[in-house]
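Copied over from TrEMBL:
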- 15-211: domain 'DarT' (DOMAIN)
- 19, 20, 21, 58: NAD(+) binding site (BINDING)
- 58: active site, proton acceptor (ACT_SITE)
- 159: active site (ACT_SITE)
């Protein structure tokens, strides 16, 4: 099963998973080798307070899983989270090694996993391939665009659910909406007690990924604009 999933990743040219988090949680994530940790596995009350939940309802019933999307973030859902918690204005998108999908217990959903309280979640290569079907049933029936990038699921809200945690070493990039935000995040990081070379990820600027506009590009077979900053 793992080999089938790996072949599917390679065939489709999938380069990453995406997981969005607020800036405060991001700073905590990069100080912890466990990286992104599912709600059920957070430690003491202080840690739970710092690691604010993106979704307090978790209608998918999977508090022991981390919600990710393939290639591009679920910005429809991000918009809802921003409205619910306007105090957190700064968000980042973590770009994650897609090989975490090979981990045991990974689940896949062709639409938002909260639909039907998680009843559409599937495991294995069947679940992964189902995300790219020509027609999927989301809130409405969605037909895959003829020129759509092969690496992108048919429904932009399709999810990959990763069990327990995503190690810090699997975070390959951090995407923000502006150069100003890069400077702010780097300033915060400079005050942390981290060893040189401990953070081995790219910084990417892409305002388009923080709105639902990116889906227009991928349906036409084009990648949204992303600026990768040179490492110092």
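Each residue, glycine too, has its Cβ placed from N, Cα and C.
The local packing around residue 21 (NAD(+) binding site), expressed as other Cβ atoms within 10 Å of its Cβ over all shown chains, amounts to 21. Around residue 19 (NAD(+) binding site), taking its Cβ as the centre, 24 other Cβ atoms fall within 10 Å, counting all chains. Residue 159 (active site) carries a strand DSSP state (E or B).
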